[in-house]
C-alpha cells in the first residue's frame, strides 16, 4: 500500500497540476480573445454580405445564393462545433482550475502508511515481548519465596518510578534546551546574514560611487585632451598651410626672378654681342658708343639686384623649409605624446568599464533591497520602489506570494513544535499516571496481603463463623472450588508471580492504549491541518481575486499598461467568471430554492453554513464533538477498567487464599472443611 501511495505521489508530482492549471488559464484567455475576434469577423461578414446583396444585380444574386447558403451552413456548423468544443473545454477548465494539488495529501498519507507500518512493527515487537514475558514467567515459576519476591518487586517498582521521573524530566529539559538553542541559532544566523548583506551592499554602493566618479573624471579629462588635441592640430594645420602658401609664393617669386635673370642674361649676352659688333665697327659715332655703355651699366646693375633678390629668396626658402621641418618634428612629437596620453586614458577607461560590468548587478541588487525595505519596514520607506521598473501590482503579488510561503513555513514549524510539546507532555502524563497506578496497585496488594494474613487459622474440626465473615466473597468462592466435590486444583499460576504479572500486563495495556491514542490524535491533527490549509487557500484565492479587481481598477486609468503574467491571467479569468451572467443566474436560482425551504430546513442550513464558514465556529464544533466522544469513551473505559480491576483483584485474592489453604491445610479433612464453609 505504501508503494502504491508513493507511486501515486510521484505520478502527481510528474503530472504537475499547477502547471496544467496555468496552461488552462492561458488557453482560456486565448479562447476568450478568439471568441471576441470571431464575433467581430462574423459581424463584418454579415455587413459585407448585405452590401453584396445591395450592390449586385438580381440575376447574379440568384446564381450566387445557393453557394452563399452552403457557405453560411458550413460556417454555422463550424461555429456550432467550435462553441461545443469551447463549452466542453470550459467545463473541463472549471472543474480542473479549483482542483487542489493532491501531492501534500498523498505525502501525508504516505507518512501515515509509514506510521502504520511502524505500528505493525511495534505489534510484532509486542508479540516478541509477550513471548519473552512468558519465558520470564516460566523462570519466575521456579521462585518459591513469596515475601522476598514481593520486596524485590517493590524495590524494582520504586526504581522504575524514580528512573521514569528522572527520564521524563531529563527528556523534557533536553528538548526544551534543544528548542531554545535551535531558535537562538536560527535567530543569530538570520541577524548575521542580514548584517553581512547590508555591509556588502554598502561596500558595493561605495565602490560603485567611486567607480562612477573616477569614470566621470576620466571622461572629462579625455574630453579635455581631445579638445586640446583638436585645437592644436587645427592650429598646426593652419600654420602649416600658411607656411606652405608663403613657400609657394616664395617659389613663385624665385621662379619669376630666375626668369627675369634669364631674360637679363639674354639681354646681357645680346648686349655683349652688340658690343662685339660695335668694336668691330670702329667707324661708329661717339654718341652711340656712350648710349651702349650706359645701357650696359644699367643692365649690369639690374642683374646684380636680381641676383641679390634671388639669393635672398633662396635664403628665405631654406629658412622656411627648416622651420617647416622643425614644425613637423614638434607636431609629430606632440601628436605622439597626445596619442600616448589618449591610449593611457583609453586603457583606464576600459578598466573602469570592466569594473563597471563586473558590478553591473548593482541596480538589480539596489532594486531588490528597496523592494525588501518597502515590504519589510515602514510604508514611508517604500516610496523608492515606485521608481523601479516593476509596477506596483507585480510587487503586491510578489509580496503576497512571499507572505503565503512564509505563513506556510511558520505554520509547519508551529505544528512541529506543538507536536513535540504535546508528545513531551503526553510522555510526562503517562509517566506520572503510571507511577500513580503502580502506587495504587502496590497499596491494594499490600492491603490484600494484610487482609489474608489477618485471617485466623480455623481449627481442624470446627470453629465459630465470626472470623469467617471477614473473608472476601471471591476467596470464599475459590475455597469452595478448591474443596468442592471434584477436589481439582483451581490455581494455574505460581505463588509469587500474580502481582508482577498484573503490573506488567496493566502497564503493557496502558502503553498500547496511549500509543493508539497518539496515532488517532496524529491522524485527526493531519486531517484538521489539511482542512485548515484548504480553507486558508480558499480565503487567499478570494483575497487575490479582490486584489486583481483593485489592479483592474488601477489599470483602467490612461497610461497604465496591462501585464501579461500567468498569475494575472489566471485571476483575470476567475474575475471574469465572477462577472459571468450564468453564475449570477445560478445564484438567483439557489436563492429562490432557499426561500422555498421550510423554516426548520432554513435553520439547519443556516447553522451548517455558519459553522462551516467561520473558522472559530468550526473549531468549537469540532472540539465540542471530540470532547463528547472522549467523555463517553472515558466513562466506558473507566467502568470497564474498574470492573476488570475488581475481577482481577478478586481472582488474585481467591487464588492466593486457595494456595494458602492448599499449602497449610493440606492435612485437614476436606469434608469437615466443606461443612465449616457451609
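Using the three backbone atoms N, Cα and C, a Cβ is placed for every residue, glycine included.
As annotated by Swiss-Prot, topological domain 'Cytoplasmic' applies to 1-619. Under the heading coiled coil, Swiss-Prot lists 16-40, 67-374, 427-454, 502-556, citing sequence analysis as support. Per Swiss-Prot, the feature phosphoserine maps to 586. Sequence annotations record features per position, and here Swiss-Prot assigns transmembrane segment to 620-640 based on sequence analysis. For 641-678, the entry in Swiss-Prot reads topological domain 'Lumenal', with the evidence type sequence analysis.
Proximity of distant same-chain residues to the transmembrane segment (620-640), defined by a Cβ-Cβ separation under 8 Å and at least 6 residues beyond the stretch ends, is recorded for 524, 528, 611. Other Cβ atoms within 10 Å of the Cβ of the residue listed as 'phosphoserine', summed over all protein chains shown, number 11. Across the coiled coil (427-454), the prediction's mean pLDDT works out to 72.
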